[in-house]
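Record features, source TrEMBL:
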- 38-205: domain 'HPP transmembrane region' (DOMAIN)
- 215-249: region 'Disordered' (REGION)
- 41-62: transmembrane segment (TRANSMEM)
- 74-93: transmembrane segment (TRANSMEM)
- 105-123: transmembrane segment (TRANSMEM)
- 135-152: transmembrane segment (TRANSMEM)
- 178-197: transmembrane segment (TRANSMEM)
Amino acid sequence: MPIWDPLVPAERVIQRGLAHLPPWISRWLGYRGTNLPPSRTWVVCLWGFIGAWGGVASIIAVFGHTDYFHNIHLVPPIVASFGASAILCYGAIDVPLAQPRSLIFGHFFSGLIGVIMATIFQFNLQEDPYPRLQWLAASLATAFALVVMHLTKTTHPPAGATALIPCVDPHIWALRWYYLPVLLLSSMIVLASACLVNNLQRQYPKFWVAQIPPASPATAPAPEKVVEDKATERSSNSDTLGDLERGSS
């Protein structure tokens, strides 16, 4: 039996709200009323290719070609883990790991843990690219990220790299806490482009904050119970028939 998610009521409210929107709006937010059948391979490949290309290109355009991010804050063109997120969010769009809650909060929580770990160990990656305890900080960051994502139901496998990157990449570590808004904006770019591309012929997201469990089917009687009931019914019918015969005689 799946563990109850406390955000299921919120998801029900979101779905009811989407149902009241015009179809030309709710469609791009993943609402269909009923789930679509699995997509054909060529559909997944075509729109997955276009989505991954457009999503990664959009992130690089924002962070690599704007003066505010690239020259003032020295933000790298892209956080490498979003290349892996592209595979999930444009290709394997049906799995829970690719849904908005996991995408946004998985990266955010993991990035937060990575920065905290690098801060605790007081790395100076500009002067010493390979600190003595780098292995410990990176491995602890990834391990803690796994636990936090599991407890918060925000597991997003690419975010494991998001956690360790501040411990091994001097360009990312130089951002310090500014790494977190970079992750949030990158996640929002992926989400926006995924909603646009994936809803042309597919459906994304499957849910926004929690997966609504399917309704439990009506409990069928056990086979032994059915046989027993039929035997009782036949016995009752025989007794009734016998009473009628005795009464008529």
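From the backbone N, Cα and C atoms, a Cβ is placed for every residue, glycine too.
Note: the stretches the transmembrane segment (135-152) and the transmembrane segment (105-123) are in contact (3+ CB pairs below 8 A, sequence gap of 6 or more). Only residues 6 or more beyond the boundaries of the transmembrane segment (105-123), in the same chain, are considered here, and those with a CB under 8 A from a CB of the stretch are 81-82, 85, 131, 133-134, 136-138, 140-141, 144-145, 148-149, 152, 154-156, 158-160, 162-167, 173, 176-177, 179-180, 183-184, 186-187. When Cβ-Cβ distances below 8 Å are used as the criterion, the transmembrane segment (178-197) is approached by residues 28-30, 47, 50-51, 54-55, 58-59, 62-63, 69, 73, 75, 78-79, 82, 85-86, 89-90, 93, 100, 103-104, 107-108, 111-112, 114-115, 162, 166, 172, 204-205 of the same chain, each at least six residues removed from its ends.
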